[in-house]
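These come from TrEMBL:
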- 5-22: transmembrane segment (TRANSMEM)
- 37-57: transmembrane segment (TRANSMEM)
- 78-104: transmembrane segment (TRANSMEM)
- 133-151: transmembrane segment (TRANSMEM)
- 163-182: transmembrane segment (TRANSMEM)
- 188-209: transmembrane segment (TRANSMEM)
- 212-309: domain 'FAD-binding FR-type' (DOMAIN)
Amino acid sequence: MKKCLYGIVVVSVLFWFISLMVNPNLSWNVWTIRRELIYLTGIISFAFMSLIMLLAIRPKWLESVFGGLDKMYYLHKWAGIWAISLGAVHYLLKLAGKVLILYFERAPRMRMGGISDDFFIRNRKLAESLGEWTLWFLLAALVLTLWHKFAYHLWRYTHKLMAIAFLIIVFHTVILTPFSYWSQPVGILIGLGCLIGTGCALLSLFGLIGRRHTYQGQVLAIKTLDQYTMEITCKVNGYWQHDAGQYVFFTHDRFEGQHPFTIASADHNSNQIKLCIKALGDYTKNLQQNVKVGDAIQIEGPYGCFDFRKKATARQIWIAGGIGITPFLSWLESLQDDVNKDIYHADLYYCVRSEEEAIFVEKLQRLVASLPNINLHVQCSKERGYLTADKLNIEQNEQGNYPSIWFCGPTGFADSLKTNLSSKGYPLRLFHREYFTMR
C-alpha cells in the first residue's frame with residue numbers, strides 16, 4: 001500500500017518538475033513559489049482522487065495486484081485521507097495570497113490570447129468556487145468516515161455523493177490547469193485521471209458497481225449461536241463458486257445497503273453459503289432483528305485473496321480474533337475432502353475473552369479431528385492473558401525459514417501483535433492479514 005501511495009507522489013512530483021524544466025526563464029519569487037506549490041498539491045491530490053474512484057468500483061483484476069479487496073479498500077481509505085489533506089493545503093496556499101499581498105508586491109498576470117483561453121478565463125471563478133465548496137464537503141465526509149459511531153446507513157449515502165464531488169473536481173481541474181501542461185507529461189497524468197475517474201464515477205452514479213458479480217438469493221436457515229451471533233445459510237441463484245476464505249457483500253434491506261461478511265463454509269457446488277454475523281454495529285444489530293427465513297437477498301462477490309495455500313508446504317500459524325474465525329472455518333471445511341490435506345501443517349489460535357464466547361470450539365474440534373497436522377489452541381484472555389509472540393512458536397526451521405502467520409481479527413489486536421512480533425525479529429512480510437473493517 002505504501003509503495004502505491006509514495007509512487008503516486010513521486011510520479012506527480014517528477015512530472016511537475018519536468019514542467020518547470022521546460023520553462024527555464026521562469027522568474028522565481030514568493031508568488032511563483034506559491035503558484036507552483038498550488039499546482040503541485042493540486043496535481044497530487046487529484047491523482048489520489050482518481051485512484052480512489054478506480055478502487056471504489058472494485059475491479060477484480062486489481063485484487064491480485066494489491067492482495068485482495070480488503071487491501072484495496074484500506075488503500076482507498078488512506079488515499080482519501082491524503083487527497084483531502086493535500087486538497088486542504090492546496091486551498092490554504094490559495095488563501096495565503098491575501099496575507100502575502102500585504103508584504104510582497106505582486107507582478108501583473110500574463111494573459112494568453114485565443115478563443116479557448118477566453119472560455120477558460122470566463123469559468124475560472126466558477127471553478128474556484130465549486131472547488132472550495134467541494135473541499136468543505138470532502139472534509140466533512142472524511143470526519144464522518146473516521147467517526148465510527150456515525151450510523152452506517154447514513155454514512156453510506158454521504159459516501160455515494162463522492163462520485164458527484166469527483167466530477168466537480170474534474171471541472172475544477174480542467175478549467176484551472178495551465179494550458180502549457182496539456183502538452184507535457186503532467187498533462188497526460190491529469191488527462192488519464194480525468195478519463196479513468198470520470199468513467200468510474202459514472203459507473204457509481206448509475207449503480208453499476210459490482211453488477212456483473214451480483215446474484216439474487218434467499219435466506220434458507222437462521223441459527224442463533226449466542227445472544228450476539230447468528231449463522232445465516234443462503235441460497236445463491238445462478239452459477240456460483242468461491243474459494244475458502246473469501247467474502248461477499250450481503251444486501252438484505254436496500255435502505256441499509258450492503259455489508260461485507262466472510263463466507264464461513266466451503267464451496268460444495270450446492271450454491272449455498274453460510275455467513276456468521278456478530279452484532280458489532282448498527283447494521284449487524286438491525287440485521288439480526290429483521291432477517292427471516294425466506295427473505296430475498298443479494299450477494300455480490302466473491303472477493304478476497306486470503307489463501308493459506310500460497311505457502312502450503314511450510315508451517316503456518318493461523319490466528320483468529322473473535323468472529324475473525326470465519327475464514328478459518330471455511331479453510332478447515334475445504335480441507336475435509338482434500339486428498340492433499342496431510343501436507344498442511346498449522347497451529348490455529350482461536351482468541352476470545354472467555355470460554356462463553358468460544359462458540360465455535362465444538363465445530364473447530366470436529367473439523368480438526370480429521371486433519372492430523374492442524375492443531376487447535378483456544379486462547380481465553382481472561383484466563384491466560386492476551387496472545388503474544390512468546391506464546392507462538394515462531395522459531396526458524398532447519399532450513400532457516402520462519403512460519404507464515406495468517407491473521408483475521410480486530411485492528412488493535414493485529415497492530416499489537418505485529419509490533420510484538422517485530423520486536424522478536426519476526427519478518428513481517430510473512431504476516432498475512434485480513435482487514436476486519438473497510439470504513
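Backbone N, Cα and C define each Cβ position, glycine as well.
Curation does not apply to TrEMBL; its annotations are automatic.
For the domain 'FAD-binding FR-type' (212-309), the model gives a mean pLDDT of 93. Against the transmembrane segment (188-209), the recorded stretches 37-57, 133-151, 163-182 differ in Cβ pairs under 8 Å, and the greatest number is found for 37-57. Here the transmembrane segment (37-57) has Cβ contacts under 8 Å with residues 4-5, 8-9, 11-13, 15-16, 72-73, 75-76, 79-80, 82-84, 86-87, 89-90, 93-94, 162-163, 166, 169, 173, 176, 178, 186, 189-190, 192-194, 196-197, 200-201, 203-204, 209-210 of the same chain, all six or more residues outside its ends.
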